[in-house]
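This report concerns only the one structure given below.
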Amino acid sequence: MASDEPKAKKQKLSEEKEKEEEKTETETPSEETPAKLSANTLFGMGNPLLDICAVVDKDFLDKFEEIVKKFKVEYHAGGATQNSIKVAQWMIQEPHNVGTFFGCIGKDKFGEILKQKAEEAHIDSHYYEQDEEPTGTCAACITGDNRSLVANLAAANCYKKDKHLDLEENWKLVEKAKVYYIAGFFLTVSLESILKVAKHASENNKLFCLNLSAPFICQFFKDNLMQVMPYVDVLFGNETVIGTFTLHSSDTLYIGCTWSRSVHQMFMKSTSLWVKQYFCVAPQEAAAFAKEQEFETKDIKEIAKKAQALPKVNTKRQRVVVLTQGKDETTMAMSDKVETFPVLKIDPKDIVDTNGAGDAFVGGFLSELVQDKPLDQCVKAAHYAANVIIRQAGCTFPEKPNFK
């Protein structure tokens, strides 16, 4: 854990702005007329992956390298943060390019396809392109009702603050945003980039949102996480699935049965470890976070309250903590209260794929947050988006949402 709490820089404000902030000095968005959206209002930064989906026969799973050559495939812009920005844009619809996304890709064919797919999703993606590593990918092999995923972060691990974020034209896009979202996975890639964005948000009284993403982030990257935590205005946490996986070769992960992002990231950088048929039961992110923070409770509401009370630089906004529990109710700590929200019911036979549920939940939440909607409306949108996505294969969705 970081030993020193970051110090807030005093922001010089005009008297008019100071009065305005006194009126809006609250942790919750306005319940008045929604904010008018413009391009680049929502900013995301993370690990971009090109999702490659194909329906294959069972024998093919041992020869996955041939997926692009042998089968008709679908490509989608993927990766946790990019998925959430994509879902937020889908929920918003108009105007296009409300969401900006930064990440690293390779100068290759898959990189070009990823740029095209991000554009089709109406995301204003600005990638740092380098030629040392190929574009990160996640191949989904679909056999009947089952999905086997093969993920390779590759270039996504190579994001450089000085090569991309610090460039004047890129930083101007950061400054245009009023809501920022980064998944915890990016803490393993570029802490300095996250801190620069987080400090900007704090100093300018904008909203900075972070996702715990996986138990291993709380456990093995705790120092990085706690350096960022004082700047977090909205903290997300969700359940992690049970994963059965095998690891083979450098920087490549083979996952069978059930996909676990925590397993994916924990071993992705290993170049010498070989694991076969390892069964991992990952605890909830909230529980893992509570344990590492020595909260001494397993009660989800108490965890939310204690996470909310952690030191915070921008005292104009009280932290909001949103914890999901799969099919069980969502818990949110806001102001001086903790509320729970039931999820939308769904017939199990209508569930196609739960892998994108967490990313979709955040995307739905952000789509309302960026419009200054009340927090209960943000949760309602989050539940709707997740409910839609689990009816689809991968983090995909119909042409238009039906959310009111």
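Just so you know, glycine gets a Cβ as well, placed from its N, Cα and C.
For 1-26, the entry in TrEMBL reads compositional bias 'Basic and acidic residues'.
Marked as region 'Disordered' by TrEMBL: 1-36.
TrEMBL lists 59-242 (among others) with the feature domain 'Carbohydrate kinase PfkB'. The average pLDDT computed over the domain 'Carbohydrate kinase PfkB' (59-242) stands at 89.
The feature domain 'Carbohydrate kinase PfkB' is assigned by TrEMBL to 279-398 (among others).
For Asp359 (active site, proton acceptor), the same-chain residues lying six or more positions away in sequence with a CB closer than 8 A to its CB are Ala80, Asn83, Ser84, Val87, Ile389, Cys395. Annotation source TrEMBL lists active site, proton acceptor at Asp359.
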Give me the DSSP three-state residue breakdown of the domain 'Carbohydrate kinase PfkB' (279-398), ordered helix, strand, coil.
48 helix, 20 strand, 52 coil
